[in-house]
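Marked as disulfide bond by Swiss-Prot on the basis of similarity to another entry: Cys48-Cys62, Cys55-Cys66, Cys61-Cys71. Marked as region 'Disordered' by Swiss-Prot: 25-44. What Swiss-Prot records for 1-22 is signal peptide.
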Amino acid sequence: MKLTCVLIVAVLFLTACQLTTAASYARSEREHPDLGSSDQNSKLTKRCLASGETCWRDTSCCSFSCTNNVCF
(Lines of atoms letter the chains of each structure in order from A and count residues from 1; the text may use other names and numbers.)
(Lines give C-alpha, C1' and ligand atoms only; values in the text may rest on other atoms or scores of the structure.)
Protein backbone atom coordinates (compact mmCIF):
# COMPACT_ATOMS: atom_id res chain seq x y z
CA MET A 1 0.00 0.00 0.00
CA LYS A 2 2.78 2.42 0.92
CA LEU A 3 4.70 1.51 -2.22
CA THR A 4 1.64 2.16 -4.36
CA CYS A 5 1.17 5.60 -2.80
CA VAL A 6 4.84 6.43 -3.33
CA LEU A 7 4.62 5.36 -6.97
CA ILE A 8 1.48 7.41 -7.55
CA VAL A 9 3.07 10.50 -5.99
CA ALA A 10 6.23 9.99 -8.05
CA VAL A 11 4.25 9.67 -11.28
CA LEU A 12 2.23 12.79 -10.48
CA PHE A 13 5.40 14.71 -9.65
CA LEU A 14 7.10 13.66 -12.88
CA THR A 15 3.99 14.52 -14.88
CA ALA A 16 3.88 17.98 -13.30
CA CYS A 17 7.55 18.49 -14.15
CA GLN A 18 6.91 17.51 -17.76
CA LEU A 19 3.95 19.87 -18.06
CA THR A 20 5.77 22.86 -16.57
CA THR A 21 8.80 22.26 -18.79
CA ALA A 22 6.61 22.00 -21.89
CA ALA A 23 4.72 25.17 -20.96
CA SER A 24 7.90 27.17 -20.41
CA TYR A 25 9.33 25.87 -23.69
CA ALA A 26 6.20 26.93 -25.59
CA ARG A 27 6.33 30.36 -23.93
CA SER A 28 9.97 30.72 -24.96
CA GLU A 29 9.01 29.85 -28.55
CA ARG A 30 6.41 32.63 -28.57
CA GLU A 31 8.80 35.19 -27.07
CA HIS A 32 11.63 34.33 -29.46
CA PRO A 33 10.08 32.89 -32.64
CA ASP A 34 13.25 33.39 -34.66
CA LEU A 35 15.22 31.05 -32.39
CA GLY A 36 12.89 28.14 -33.06
CA SER A 37 12.71 28.61 -36.80
CA SER A 38 15.40 27.01 -38.87
CA ASP A 39 13.92 28.26 -42.17
CA GLN A 40 16.24 31.25 -42.26
CA ASN A 41 19.21 28.98 -41.74
CA SER A 42 18.30 26.46 -44.40
CA LYS A 43 20.03 26.41 -47.76
CA LEU A 44 16.72 26.97 -49.54
CA THR A 45 16.21 30.43 -48.07
CA LYS A 46 19.81 31.65 -48.11
CA ARG A 47 20.72 33.98 -50.91
CA CYS A 48 24.11 33.92 -52.56
CA LEU A 49 26.35 36.95 -52.88
CA ALA A 50 26.61 38.63 -56.27
CA SER A 51 29.86 39.45 -58.02
CA GLY A 52 31.72 42.26 -56.25
CA GLU A 53 30.11 41.74 -52.84
CA THR A 54 32.21 41.06 -49.75
CA CYS A 55 32.46 37.37 -48.88
CA TRP A 56 34.22 35.17 -46.36
CA ARG A 57 34.08 31.78 -48.07
CA ASP A 58 33.53 30.37 -51.55
CA THR A 59 30.14 28.81 -50.78
CA SER A 60 28.55 32.19 -49.97
CA CYS A 61 29.13 33.48 -53.53
CA CYS A 62 26.79 32.64 -56.42
CA SER A 63 29.85 31.79 -58.51
CA PHE A 64 31.46 29.82 -55.64
CA SER A 65 34.60 31.95 -56.12
CA CYS A 66 35.67 34.15 -53.18
CA THR A 67 39.11 35.73 -53.64
CA ASN A 68 40.52 38.34 -51.24
CA ASN A 69 37.08 38.52 -49.58
CA VAL A 70 35.37 39.58 -52.84
CA CYS A 71 33.01 37.43 -54.91
CA PHE A 72 33.98 36.94 -58.57
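Heads up, the Cβ atoms here are built off N, Cα and C, so glycines get one too.
What you are looking at is a predicted structure, and each value in this text was computed from that prediction instead of being measured.
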DSSP three-state assignment for Cys66 (disulfide bond): strand
Cβ neighbour count within 10 Å of Cys66 (disulfide bond): 19
Least surrounded among the disulfide-bonded residues, given as Cys61, Cys62, Cys71, when other CB atoms within 10 Å are counted: Cys62
